[in-house]
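**Student:** The following feature annotations were taken from TrEMBL:
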TRANSMEM  47-65  transmembrane segment
BINDING   G53, A55, V56, N60, S295, N327  Na(+) binding site
TRANSMEM  77-98  transmembrane segment
TRANSMEM  119-147  transmembrane segment
DISULFID  C159-C168  disulfide bond
TRANSMEM  209-227  transmembrane segment
TRANSMEM  239-265  transmembrane segment
TRANSMEM  285-309  transmembrane segment
TRANSMEM  321-343  transmembrane segment
TRANSMEM  363-379  transmembrane segment
TRANSMEM  391-416  transmembrane segment
TRANSMEM  422-442  transmembrane segment
TRANSMEM  462-481  transmembrane segment
TRANSMEM  501-522  transmembrane segment
Amino acid sequence: MPHQEQVMVHGNLCAPGPPNNAGYNSNPVPVIIQTESRDKWSKKMDFLLSVIGFAVDLGNVWRFPYICYQNGGGAFLIPYVLMAVFGGVPLFYMELALGQFHRTGAISIWKHICPIFKGIGFAICIIALYVSFYYNTIIAWALFYFYSSFSSTLPWTSCDNAWNTENCTNYFGKDNVTWTNYSRSPAEEFYTRNVLAVHESSGLGDVGYIRWQLMLCLFLIFTIVYFSLWKGVKTSGKVVWVTATLPYVVLLILMIRGATLPGAWKGVVFYLNPKWEKLKETSVWVDAAAQIFFSLGPGFGVLLALSSYNPFNNNCYRDAIVTSLVNCLTSFVSGFVIFTVLGYMAEQRNVNVEDVARDKGELSFFFGGLEAIITAVMDEYPDTLSHRRELFVLGLVVVCFLGSLSTLTNGGAYVVKLLEEFGVGSPIIAIVFLEATAVSWFYGINRFSNDIKSMLGYTPGLFWKVCWVAISPAFLAYIIISSLLNPQPLTLFDYEFPDWSITVGYIIGASSFMWIPIYMVYKLVWTPGSLKQVRQ
């Protein structure tokens, strides 16, 4: 890891910007001298595939199509594109530029931007931990499916298994199937009763025992994660050539297969049929803003970490545009993959497509989240950890594995939902709002623009500056205020989360966000001089 020498003006809570707009060289602080010892990507494509692999996830493949049809079909694309252009992409670009210029992780970067906001870095790391607790469990479910597929008869295609109930209704290869409100497909019962076993849990108060099959799957996944990350970008940059490209191969195969199924056209029509009256509803615009934000993923520390290994003069502007387009197009194309299959299911059940597409997928992202923690902590404590990366990564993976055990129980799906909703959802939006505000208003938009000019040779245009200063923070504030004014009951399957679990959720959310005001108070108390003096 690199040794960074920096010249800071002692007593400042925020590094002061230039006295005028004469140019980058007029900035008195901070002066960062970056040695060549920091790891770098072996190839430009390693970086691009890492960013794409992080941004393109289950949120694109399943959540976007669901949100799209729920909010007006094709009409939803209007607020989605507007929110992407004026909110998501500018924030995405901002994080890539910050990471590349300062070449450090989510904690120590605040020494150079605005030290009083350093608590944001600690909060990001805690949120990344929560994500690792549940997202790798979702991958374990997928691995369990993969293992179960090695049989002469796929277990989710028949009702003759030990876990099936009298409500199991098999329509594969059958005509005139009677489908009722109580009917359950073999695939649904395989998922809920064999993979998750939620029927053996009454809720969060009784999650049951750990499922050893899932624990073995999770152990294998964390083993792969460890050997992908233990040597840094030199190894992870090679792994993403598989993890980032394989989903597109699978999507292509599924899209071709889905297009050949009877009734596929019904799903496509349902997916794209615009309901223009939906655009009058505030919830549609909130969903569009939340979807593009969580899809592109600013604020998780991953973009800062990945871009910090780029060459100083890398064209991060072009990277931001290309990867954002890939992300959004993947979301749109995935809708065809999902809804051709849903159209087929509706055809076989003799029901409407809307009666099939009623369950919402999980919100999630790529294991690059652990790299955000690794880079942030190692950059913050280089003297202690620079030569112990393998041991630190091993310790982190063990902690994540142990923290995931509760999600492997019979009621583990409820734990996953609670962590997703409270450990990640609301806190990360508030954190990115503070991050955008700190960079644009405290560090200064002119100073940030000069940083970009020193890397690219030109300053960002007026559009980007206006977005960073006003539109993007307003975009985030809009999501926060709307979620506070219109809280939705938390449910999963037929289980409604009790009030005490909501309280636990708020505590989980506060456990990350609280480090921001705590560090601010610490900095105010221990920084010499009055508040007026330290701000000058």
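Cβ from N, Cα, C; glycine included.
Unlike curated records, TrEMBL annotations are generated automatically.
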**Student:** Would you mind listing the long-range same-chain contacts of the transmembrane segment (391-416), meaning Cβ under 8 Å and 6+ residues beyond its ends?
**Tutor:** 129, 132-134, 136-138, 140, 196-198, 200-204, 206-211, 214-215, 218-219, 222, 225-226, 229-230, 362, 370, 373-374, 377-378, 385, 492-493, 495, 497
**Student:** Under 8 angstroms, Cβ to Cβ: which one of 47-65, 239-265, 285-309, 422-442, 501-522 has the largest number of such pairs with the transmembrane segment (77-98)?
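**Tutor:** Highest pair count goes to 285-309.
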**Student:** Distance check, please: Cα of A55 (Na(+) binding site) against Cα of C168 (disulfide bond), rounded to an integer number of angstrom.
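**Tutor:** Rounded to the nearest whole number, the Cα-Cα distance is 37 Å.
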**Student:** Counting Cβ pairs under 8 Å that sit 6 or more residues apart, are there three or more between the transmembrane segment (321-343) and the transmembrane segment (422-442)?
**Tutor:** no
**Student:** Output the single range from 119-147, 209-227, 239-265, 462-481 maximising the number of Cβ pairs under 8 Å to the transmembrane segment (501-522).
**Tutor:** 119-147
**Student:** Cβ under 8 Å to the transmembrane segment (462-481), counting only same-chain residues 6 or more beyond its ends: which ones?
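**Tutor:** For the transmembrane segment (462-481), the sequence-distant neighbours (Cβ-Cβ under 8 Å, at least 6 residues beyond its ends) are 83, 86-87, 90-91, 93-94, 285-286, 289-290, 293, 426, 429-430, 432-433, 436-437, 439-441, 445, 448-449.
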**Student:** Who sits close to C159 (disulfide bond): which same-chain residues at least 6 apart have their Cβ under 8 Å from its Cβ?
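**Tutor:** Non-local contacts for C159 (disulfide bond): C168, T169, N170, P186, E189.
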**Student:** In sequence order, which same-chain residues at least six apart have a C-beta under 8 angstroms from N60 (Na(+) binding site)?
**Tutor:** S295, N327, T330, S331, S334
**Student:** Which one, from the recorded positions A55, V56, C168, has the smallest tally of other C-beta atoms lying within 10 Å of its C-beta?
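**Tutor:** Candidates: the recorded positions A55, V56, C168. Fewest Cβ atoms within 10 Å: C168.
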